[in-house]
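TrEMBL annotations:
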BINDING   99, 100, 101, 153  (6R)-10-formyltetrahydrofolate binding site
ACT_SITE  117  active site, proton donor
SITE      153  site 'Essential for catalytic activity'
DOMAIN    328-405  domain 'Carrier'
BINDING   581-583, 607-610, 640-645, 660-661, 767, 814-816  NADP(+) binding site
ACT_SITE  683  active site, proton acceptor
ACT_SITE  683  active site
ACT_SITE  717  active site, proton donor
């Protein structure tokens with residue numbers, strides 16, 4: 001047992017000196033590791049509330065001492081020193097301490113004292129280290145655990161950890177993402193190193209050492225004659241304490257939620273700011289500010305001198321809200337909320353209209369408690385933390401709650417911060433942020449990544465990179481929309497109406513969507529228009545029609561005589577569903593899964609492929625315009641390893657639909673099973689065989705065979721991974737194929753005459769080239785292609801291999817690219833070629849070309865695949881179920897069967 005090994009390592013008797021939730025977590029983790037905390041020394045209760053560290057220790061029965069100070073006039077207080085020495089600590093651990101601890105206490109234990117500091121010492125010594133890390137624009141942040149000495153953060157280093165500073169990190173973001181969780185681990189590791197006698201003492205260098213004083217409100221005023229980045233760093237470095245401020249219209253206004261503006265400046269109303277050379281702009285997204293370098297930043301929230309906080313976008317309308325009269329039912333809700341406030345503000349004798357939540361002693365943890373208690377006790381009313389910060393006085397808070405209850409607090413208009421491009425004779429407007437709970441928003445940690453145009457390798461734009469926090473927010477929004485929102489109460493026909501409206505919007509915007517698909521995935525525009533977008537429209541229309549036709553059945557059962565029974569079944573939605581889609585058909589794969597999911601009445605969180613997120617985000621915008629309630633559809637761009645893995649593990653998700661590789665599918669299935677046994681459907685890899693008999697219509701077989709391989713640049717899940725051509729027509733077939741390939745135009749996917757565009761991304765192109773190299777090394781004959789096209793971008797020549805034997809890599813593994821793999825079979829050997837075709841672990845699709853209907857029926861019966869094409873290929877339809885067998889997965893997209901993937905059956909039996 002790993003726990004046993006850890007527990008019986010060398011252990012120490014510890015004194016914890018400090019406070020805060022961080023101190024509590026360090027205490028708890030040290031106890032779990034088997035160390036003995038012999039005493040906790042913390043601050044006295046404030047307003048009748050004990051510090052979190054004291055609460056945890058008292059609960060465990062650990063001795064707790066609450067001293068207001070340790071010394072008077074430079075001398076240690078005798079009673080305090082005696083109490084400290086009585087616990088017999090071997091090491092002092094100071095996770096976060098605001099008190100001055102005398103040196104005789106610091107040096108008293110056998111191993112001395114260690115302290116946590118939130119910077120990479122010797123840089124940013126002092127109490128405002130995190131603030132100054134951001135204010136100075138450091139690219140790296142970090143933490144140090146050091147040995148205490150008589151200097152100010154000057155003791156020898158025991159260990160350090162570092163992380164990158166993201167462009168829009170605030171103090172809170174940096175602390176929550178890294179300094180808090182990694183700081184806990186570092187303190188525990190440091191104690192164990194000391195216990196094992198392995199802890200280093202590395203003297204701090206003086207080179208690079210800095211000391212900055214505590215940032216207070218009076219010195220946090222913004223100096224405007226600086227670049228946008230410097231202004232941004234100043235504002236975020238003071239967010240939320242003490243808050244960077246400026247003077248507007250004669251009063252102090254504090255700025256929160258700063259981000260550098262990556263796109264063009266949106267239109268807005270000018271706002272004069274004292275000291276700024278250029279007025280700010282109040283826009284629908286926030287307040288835009290300008291640096292002296294001409295670049296811009298945006299702040300989301302403003303706070304006035306009286307403590308009132310508002311969205312910056314509402315600056316000019318902030319005072320226009322009238323007081324609403326409460327109904328009898330709303331008065332009851334207000335009474336319940338007053339009881340909740342009284343429970344949190346236990347030091348306040350009476351909660352009055354003028355009682356201020358924060359001025360009465362509440363902290364950020366109390367905000368979380370307030371929001372959660374209101375949700376539990378007020379019928380599921382869902383507030384956001386920002387609602388508390390925006391209305392801190394009780395009277396104002398009740399007004400905000402009532403407006404929320406009445407639906408008056410909803411966003412009037414979806415705010416979209418586009419990246420715009422003039423391309424394909426149109427202006428393409430592309431959202432690039434996460435879409436969560438009906439709003440586009442940056443990733444929680446501000447992290448972004450580049451999405452690349454495969455035609456030339458250039459960056460299209462930066463896209464939000466969803467974190468675990470974003471995934472959890474999206475799932476919570478979807479869960480709330482399903483359980484408490486309008487969607488869960490909506491009748492099926494109304495649900496269908498919304499889906500029809502969405503299909504109409506997809507069709508109205510098909511040229512823009514096809515252009516985005518060409519830019520982001522390399523799809524040939526004409527194909528994107530017909531298939532990528534066209535079939536997406538058809539899919540939503542098809543499933544919109546199913547919404548009010550999902551039915552159970554009545555079942556005759558043995559009667560419980562003398563009574564009678566009625567038994568019937570109901571088809572019900574599962575709840576929150578996760579959908580993870582691939583990069584080859586970004587919008588179409590979204591439509592195939594999400595349309596059935598929504599028609600069944602579920603809510604969804606969808607992760608597009610990391611390399612092709614843009615049409616999914618445009619889809620999110622259109623879904624909002626169609627009228628889908630917030631939280632029903634959530635789109636989180638990012639990596640499979642972070643966002644995708646979290647979705648597969650999330651306990652509130654009831655179904656996961658995935659299209660991708662078999663290897664990842666297996667990992668997802670395992671995570672879904674281990675987490676909460678969520679329902680899964682998987683559409684995975686394929687090595688689809690296409691058998692061409694000598695009695696076929698040869699020219700059609702050549703044309704269709706090429707489509708089976710080269711359609712969508714070969715990036716096609718059902719692509720014919722291996723062609724079996726009957727010996728007597730083999731050579732002629734190959735000759736005709738090569739002749740046709742030479743006629744294909746390779747080029748810009750936006751050119752209407754292009755036949756073959758770039759591969760989706762560079763890593764995939766390199767994999768395809770390696771695939772060809774493997775084929776040549778094994779002895780297959782490279783008849784045509786096999787090389788990268790000499791031009792910018794990720795273009796590959798259509799490729800043909802012959803003489804491919806069954807044992808070769810090319811015969812077994814999927815290329816997912818424009819590579820035709822041809823094997824010949826003996827004339828008349830139907831059963832032999834069937835055995836070879838089925839000798840694969842995959843079973844997604846297959847095909848046969850023959851004029852003999854009996855042969856066609858026999859072969860289609862024997863082929864082990866989810867789909868068999870006869871004298872055609874790639875002919876999928878929204879009404880026909882689609883999915884694989886064996887290691888190509890299970891479950892169906894499209895058709896009525898797809899609905900069952902997103903429904904559960906409930907049996908009801910009653911007696912009468």
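Heads up, the Cβ atoms here are built off N, Cα and C, so glycines get one too.
Any TrEMBL annotation is an automated prediction that lacks curation.
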**Asked** When the number of other CB atoms within 10 A of each residue's CB is tallied over all shown chains, which of the binding-site residues 100, 816 has the maximum?
**Response** 816
**Among 642, 717, the one of these recorded positions whose Cβ has the fewest neighbouring Cβ atoms within 10 Å** = 642
**Message:** How many Å separate the two farthest-apart Cα atoms among the (6R)-10-formyltetrahydrofolate-binding residues 99, 100, 101, 153?
**Reply:** 14
**All-chain count of other Cβ atoms within 10 Å of residue 610 (NADP(+) binding site)** = 21
**Prompt:** Same-chain residues six or more away whose CB lies under 8 A from the CB of residue 767 (NADP(+) binding site)?
**Reply:** 817
**Request:** Compare the Cα of residue 607 (NADP(+) binding site) against each of the binding-site residues 99, 100, 101 and report the nearest.
**Result:** 99
**Complete:** Checked against DSSP, the composition of the domain 'Carrier' (328-405) is 49 helix, 2 strand, 27 coil
**Asked** Using an 8 Å cut-off from the Cβ centroid of 99, 100, 101, 153, can you name the remaining same-chain residues around the (6R)-10-formyltetrahydrofolate site, in sequence order?
**Response** 94, 97, 98
**Prompt:** Between 0 and 100, where does the mean pLDDT of the domain 'Carrier' (328-405) sit?
**Reply:** 85
**Asked** Taking only the recorded positions 100, 101, 117, 153, 683, which one has a CA atom nearest to the CA atom of residue 642 (NADP(+) binding site)?
**Response** 683
**Asked** So how many other Cβ atoms are close to residue 581 (NADP(+) binding site), meaning within 10 Å of its Cβ?
**Response** 26
